[in-house]
Amino acid sequence: MKMKFIFISLYLLLQAINNGDNLTTAQSTDFGVYKCRTTHNFTTTSYQQITETALTSLTGNVAKNGGFHHSTAGNTTGTPITAVALCRGDIGPEDCENCVKNSIPSLQRNCPNQTEAAAWYSNCMIRYSDRKIIGIVDNWTFSELFNTARVSDSGEFDSALSNLTVRLQSEAAGGDSFRKLAVGSVTFGQDSVTIYGIMQCTPDLSKEQCSECLDGAVRELRRCCSGRVAARVFYPNCFVRYSNEHFYNDPPLISVPSKLTRGKKNSTARIIYVVVPVVCVSVGLIGIGIWFFLTKIRRKDGVSKKETASFSTLLAKRIRSSANDTVGMETVSRQSLQYDFKTIEVATNYFSQKNKIGRGGFGLVYKGVLTNGQEVAVKRLSETSSQGVQEFVNEAVLVAKLQHRNLVRLLGFCHESKEKILIYEYVPNKSLDYFLFDPVKHGHLDWVTRWKIIGGITRGLLYLHEDSRLRIIHRDLKASNILLDQDMNAKIADFGLARTFEGDQTLGNTKKVAGTLGYMSPEYAMHGHFSVKSDVFSFGVIVLEIVSGRRNSSFYQPDDVEDLLLFAWKLWTGGRALELLDPSLAESSYSENDVVRCINIGLLCVQEDADARPSMASVLNMLNNNSITLPQPKKPPYFLSKGLLLDSSGDVDKANPTASSSVNESSSIIEMHAR
């Protein structure tokens with residue numbers, strides 16, 4: 001994908017230089033769609049004159065302002081009128097100006113006495129209103145046009161179109177204040193069918209507003225036009241169009257406004273002097289970049305294109321090979337798990353932003369409703385996700401074989417074209433961190449509920465470590481991966497990083513450490529060693545977070561190296577353990593003995609020495625049996641806010657000097673490469 005982008009970018013740059021102004025422009029206005037709103041009983045011509053003034057001022061200004069212009073006209077006694085014009089970003093300035101100029105009389109004829117109206121043409125859109133419309137997403141009307149011809153394979157076509165619209169929506173919304181435009185294509189199938197698409201917003205919208213507008217347009221596009229070879233949807237602030245025929249210009253032609261006007265010869269010479277060296281250097285850098293990229297691809301642990309193409313075969317093979325693993329449930333078949341992409345699209349309202357309920361390390365999570373009325377959670381992996389086919393298969397097969405009341409239940413998967421989707425049971429109360437770290441919502445977690453959550457996590461983790469046929473190491477246990485059902489029962493989720501141990505295996509090792517800073521055990525973070533005891537460490541962090549209501553990763557003090565673990569340790573050794581308790585629980589009913597017991601267990605689980613940490617079976621026994629005298633914990637490791645791990649003496653671990661520099665602090669998912 002990256003290499004393809006490089007070649008396309010270079011091609012477009014060279015084409016622009018070679019062709020100059022000779023690029024083919026789009027056709028002139030060839031149709032009109034009008035929407036009129038709110039008829040006005042005019043007693044004078046003043047309102048019509050104000051509207052005329054606002055609309056007329058669009059001509060002569062729209063092209064030189066980058067294809068978008070708005071103007072307001074009015075007097076001291078009347079309501080001001082705002083007019084807006086937007087040209088398609090891939091057409092030339094002359095076509096833009098002509099479209100706007102010719103469209104104004106047509107709009108006035110079709111909507112003669114309205115206080116608000118809009119018109120869409122092939123090359124432009126114009127509208128006016130007596131209310132504020134700049135910087136506002138306006139969904140009062142929309143229109144769609146589509147070709148009556150249908151494609152032969154609508155499922156494959158719609159899946160490819162979905163991939164294209166997701167990419168274009170992100171690109172268009174990410175535009176600047178002059179232009180929010182994206183054009184592109186996607187090719188699929190044995191016959192190499194190509195779909196061409198364009199998306200554009202009025203640039204007065206923010207990134208979020210543009211995405212919202214396009215989201216509605218795409219949703220309407222799928223509702224009205226599924227399986228059509230071509231279609232368009234227009235909203236007042238944005239539009240979407242696709243076709244199986246190439247219809248847009250490459251690259252976009254209308255220039256953004258310049259602050260200085262220069263002579264044509266001077267500008268041409270200046271462009272040549274600047275562009276030619278830039279192109280030469282760019283070609284050289286791109287060549288070097290491609291060489292490095294290909295080298296990295298060959299070396300990188302991952303999945304080849306051949307493996308990607310044969311995903312279904314790979315998944316079926318993995319499921320068949322594990323058919324004899326009882327793991328507490330009946331045999332899983334590929335057929336019983338697989339959903340088609342169209343079903344998932346409809347269930348999630350075409351992946352509507354309103355249905356989005358979360359974001360994971362590898363993609364977005366949406367709420368959906370199946371045709372039988374069942375609510376589901378849909379995890380849609382992004383195309384650029386670092387979770388490849390192997391990780392996806394890993395999560396699908398692992399979770400499908402597991403059934404425990406404290407584990408989230410996988411209902412199925414979908415893999416069509418580039419889509420990789422997991423379908424889970426819907427857990428209505430979101431995740432533990434949603435309540436625990438919110439200054440208002442954490443009031444819903446009284447001590448009885450917190451005690452129940454700790455017990456649920458314990459039982460779920462014990463099942464993974466000891467009660468399933470394969471010992472499973474989660475490797476990314478954290479508060480956001482603990483989901484809560486309608487009764488606030490804990491369910492462990494997100495098995496994308498999980499690993500299995502077979503037979504007598506007790507320790508694993510990896511050169512690619514992935515997980516969440518603040519929850520990783522020292523031996524895993526620094527050396528890549530993982531075992532059931534690394535999960536126990538993460539569990540201990542969660543227990544201390546549940547008791548205190550504080551997040552370990554954001555606990556660092558500006559003038560100290562204390563994290564939550566060290567803070568709890570100091571209170572424990574000072575005989576003030578109860579001071580760790582969440583202040584919001586001070587007035588509620590709780591057992592001091594249970595609170596202290598949980599703190600003790602949490603500190604036992606986060607000890608630096610992995611062998612000193614208890615097993616989950618021991619933890620469950622400690623929670624359920626008050627007659628057991630718990631051992632005294634030893635000091636936990638130190639963590640600094642920048643990711644440096646200190647040993648018990650306070651020195652930086654010298655065994656892996658690159659560990660701290662490879663932490664990506666802007667993301668919860670990090671990778672650190674051991675020596």
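Including glycine, each Cβ sits where the backbone N, Cα and C put it.
Database features, via TrEMBL:
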COMPBIAS  660-675  compositional bias 'Low complexity'
DOMAIN    29-133  domain 'Gnk2-homologous'
DOMAIN    139-247  domain 'Gnk2-homologous'
DOMAIN    351-639  domain 'Protein kinase'
REGION    651-675  region 'Disordered'
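Secondary structure of the domain 'Gnk2-homologous' (139-247) per DSSP, as helix, strand and coil residue counts: 39 helix, 35 strand, 35 coil.
In the predicted model, residues of the domain 'Protein kinase' (351-639) average a pLDDT of 86.
In terms of DSSP helix, strand and coil, the domain 'Gnk2-homologous' (29-133) has 32 helix, 35 strand, 38 coil.
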